[in-house]
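See structure below.
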Amino acid sequence: MATLIHTLADHSDDVNCCAFSSSCLATCSLDKTIRVYSLSNFTELPYSPLEGHAYAVHCCCFSPSGRVLASCSTDGTTALWDTRDGRRLAVLEQPGASPVRVCRFSPEATYLLAGAADGSVVLWNVQSLKLYRSGSVKGGSLMACAFSPNGNFFVTGSSSGDLTIWDDKMRCLCNEKAHDLGVTCCDISSHPVSDSENGFKYFQMASCGQDNHVKLWLILFADFLGVELKYKCTLNGHSAPVLACAFSCDGQMIVSGSVDKCVIIYETSTGNTLHTLSQHTRYVTTCAFAPRSPLLATGSMDKTVHIWQLDLKQPSAGHTVENDSKVAVEDWSEDDVSAWLCAQDLADFVGLFKMNNIDGKELLNLTKESLANELKIESLGRRNKVLQKIEELRMTTISVSVPVPDEFLCPITRELMNDPVIATDGYSYEREAMENWISNRRSSPMTNLPLHSLMLTPNRTLKMAISRWLETQQK
């Protein structure tokens, strides 16, 4: 089930793109601005909107850490912003000054890719802010791009209908005619899938285009074998050009948005339609899943961004080790841990973890200190990546094994309430979340109607019910 929980209507023109970090949502528009919102209560951050582009902003994306936001524009530039205070860190000018249509950070934030209307493709070195490599596609504008999970390859899509795979030296490795009337968007899942023909690990890519189709592909990224692109299937359902597509962070769902004003969520493994959302009143131009929470954002030419809460008790896209319960994770063997490392693109740690006899229980107990002192992982970036994946595993296993009753979740944060209070709209909220909400506006988060009073009354009955429920989970 997908429930519309909030609508952002601050842009004064078409919304072109939306992007999540772990704590923020960024949106950009034809109105030349980028707006940044907190995921805790969907209020706009104090430094928002970000202004500086001379013309429409076509795309925005966060760096993997979430500390830098990139935006690109018709003005021929890609700008970098500090997400802590909104400072503009750099303005990168596209060679030829052509309108920049799309931008994307590599997974390790080494590069920033920018693609333009004249077909130019540029890799910027994020540290030096210097141009690292450049190339171009023939006969079309760059409309889409996505990096491989290891960052050594990337895919571009053009208005000529081609998907092109490049390596990080800007060498063209593969080219495929994918959508007859032009590619509009593409995305690559970070979760590998096995191919029964040869046993290699392939990654799934989704592409969409002016031909009304969403297509699924299998890509083999291997430095020693090169790359291979294989068509898998076509997902039907839209009756007009499809402008956006994206994988969920676990790779189990794909979302697409279309000129037909609809958003469709598919199950990746079967291609079945899980939901069709039709609340937008004009073309749906962008869609994105949040990385660490069951949220989906969709943006439209109706100037709005809808935030959806997803019920993750969907039909699964196939069993994976990270979907087991917490007890099962604690019982993982060393081989199970190795399989999980490979699924998280951490295969180079398999030998180290096996040498230290890391099983499921040991995995869940790993800390920053043990990774540095006991496993001797010297790189801070690599340690942080491992810790992030372990934390995601902990959160996933807890949420699967202990489903929280919906009435115990704060409607604003969608987290278990610790200090529930009743507002004058009759709904209960976490005190801190509601206090933050009413400090910025005087409307109900649930109904959007004005609140007659800002009084918050402790909901002791609900707090006792939550306490009793927590006690039963600890037995």
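Placed from the backbone N, Cα and C atoms, the Cβ positions cover glycine too.
What TrEMBL says about a protein is an automatic prediction, not a curated fact.
Here's what TrEMBL has on this protein:
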- 50-91: repeat 'WD' (REPEAT)
- 100-134: repeat 'WD' (REPEAT)
- 146-167: repeat 'WD' (REPEAT)
- 235-276: repeat 'WD' (REPEAT)
- 277-311: repeat 'WD' (REPEAT)
- 332-396: domain 'SAM' (DOMAIN)
- 403-475: domain 'U-box' (DOMAIN)
State the residues, same chain only, that lie 6 or more residues beyond the ends of the repeat 'WD' (235-276) and have a CB under 8 A from a CB inside it; answer 'none' if no residue qualifies.
-> 1-2, 181, 184-191, 204, 206-216, 282-292, 296, 298-300, 310, 314-318, 322
On the DSSP side of things, how many residues of the repeat 'WD' (146-167) fall into helix, strand and coil, could you say?
-> 0 helix, 14 strand, 8 coil
Which residue counts does DSSP yield for the repeat 'WD' (277-311) in the helix, strand and coil classes, in that order?
-> 0 helix, 19 strand, 16 coil
Taken over the repeat 'WD' (100-134), the predicted model's pLDDT averages 95
